[in-house]
């Protein structure tokens, strides 16, 4: 098994973003049977969304399945200390049922934790709007000429909230997966992740910042590919949920890789 210091040297040689893309592609395509089973699984989940009364339930199930798989692959990555060759061998032995059920309880509690965090963010957004309203006299309930300004403020805050979620959740997830053992751990570690000193160090790592930019660009490309595929090539619509999962997997795997990089670097010293 690769030592922490060897892992650091590997990051230096490959660049973190390249290593993240390698791990991501190994996860999705190294085991052909697993790839086929994942496509079938997300195609079946897609049908749940076609039933109106099942939409809320389908959304919850989709989140739990996503987290079950991503937690499993992340734990596998941590087990081999970032060694790509060992990770390949582990993926080749992986079965879908094993990946789904191993951390299913953890995925359920983590899903509820993300919901709780999102509600907290929405409350923060609402409070921010109230404060802005008191300062400027312009609220989302403003009518007349100030309505456009109020609407723009609301949109800007929503965009800030959205980008905060998609950039912070993978890092919160990483801290949770690295330190958590029980389903209860996963719930509380995720909710307290914003106060973790280790995660704040990511903001001062140039390697992490540069790699996150590259991964973000690649993730945007996947999203655009999914959009084009679903709208211009209807016969391939059944693949869209698998593509969406692959995008989520990339973002969260990178979160795990970047946080573990800092930990292994500290251990190497």
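Glycine residues also receive a Cβ, built from the backbone N, Cα and C atoms like all the rest.
Taken straight from Swiss-Prot:
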type	residues	note
TRANSMEM	21-43	transmembrane segment
TRANSMEM	48-70	transmembrane segment
TRANSMEM	121-143	transmembrane segment
TRANSMEM	147-166	transmembrane segment
TRANSMEM	205-227	transmembrane segment
TRANSMEM	242-264	transmembrane segment
Out of 21-43, 48-70, 147-166, 242-264, which stretch has the largest tally of CB pairs under 8 angstroms to the transmembrane segment (205-227)?
242-264
Most CB pairs under 8 Å with the transmembrane segment (242-264): which of 21-43, 48-70, 147-166?
21-43
